[in-house]
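Engineer: Okay, here's the structure, questions in a sec.
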Amino acid sequence: MASAVVRVAGRRLSQQSASGAPVLLRQMFEPKSCTYTYLLGDRESREAVLIDPVLETAHRDAQLIKELGLKLLYAVNTHCHADHITGTGVLRSLLPGCQSVISRLSGAQADLHIGEGDSIRFGRFALETRASPGHTPGCVTFVLNDQSMAFTGDALLIRGCGRTDFQQGCAKTLYHSVHEKIFTLPGNCLIYPAHDYHGLTVSTVEEERTLNPRLTLSCEEFIKVMDNLNLPKPQQIDIAVPANMRCGVQTPPS
């Protein structure tokens, strides 16, 4: 693992982000899979991280990064997605020096593999990795070092959560992940999910702790709900999962 991805105590991280300009944040949307991609950058060092890029919008993301004068260090996936092909492969070719990152528990290839407690540094900032399995075994949530925002992937959505009926998902595991790894964050911590299907963009920990119709249930009730969703499988799953297992180390097929 490269030295830029290291285990760092939360207190030290908070001190790093307490001075200077706030983190640069851009939320971008891909309409076919209703996926949010997040660009975070340090306004001083110009180092940046991109979370959950999508193949169809990778050139858009690269153009924005260039326009803002940023250097993309990492293209990060919160998990091995089933509804779209990751844009990490294209971004690595468009932006030399960018490395792909994913949880080691995903089983996917990447330049760097991370796990619980690892931190991804960019300038004065860092993202803490919190394992949040359940939607898939390799799901992670990324928490900015001052705990002002969390990027929850498919583990926690706005008034919802990721499904648990494929990719070795487990409703009980997801319930405990959200309650133990996300709902323990400060109430005003902003929640940025990987998807939204209703035009919503951001929530907070307190909102989801009190208003999320699934995750305010008991664990037993939650499992019953998740086991009876009867959703169709994602349209791209047979193409997306094999491509995403390469996680951008090899350019995905177009």
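Just so it is clear, glycine is given a Cβ too, placed from its N, Cα and C backbone atoms.
As annotated by Swiss-Prot, phosphoserine applies to Ser14, Ser17, Ser19. Residues or ranges marked as N6-succinyllysine in Swiss-Prot: Lys32, Lys172. The N6-acetyllysine annotation in Swiss-Prot covers Lys32, Lys66, Lys172. The transit peptide annotation in Swiss-Prot covers 1-7.
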Engineer: How long is the line from the C-alpha of Lys32 (N6-succinyllysine) to the C-alpha of Lys66 (N6-acetyllysine), rounded to the nearest angstrom?
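Structural biologist: Rounded to a whole number, the Cα-Cα distance is 25 Å.
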Engineer: Around the Cβ of Lys32 (N6-succinyllysine), how many other Cβ atoms lie within 10 Å? Please give the count over every shown protein chain.
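Structural biologist: Summing over all protein chains shown, Lys32 (N6-succinyllysine) has 12 other Cβ atoms within 10 Å.
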Engineer: What's the CA to CA span in angstrom from Lys172 (N6-succinyllysine) over to Lys66 (N6-acetyllysine)?
Structural biologist: 42
Engineer: List the residues of the same chain that sit at least 6 positions away from Lys66 (N6-acetyllysine) in sequence and have their Cβ under 8 Å from its Cβ, in sequence order, or write 'none'.
Structural biologist: none
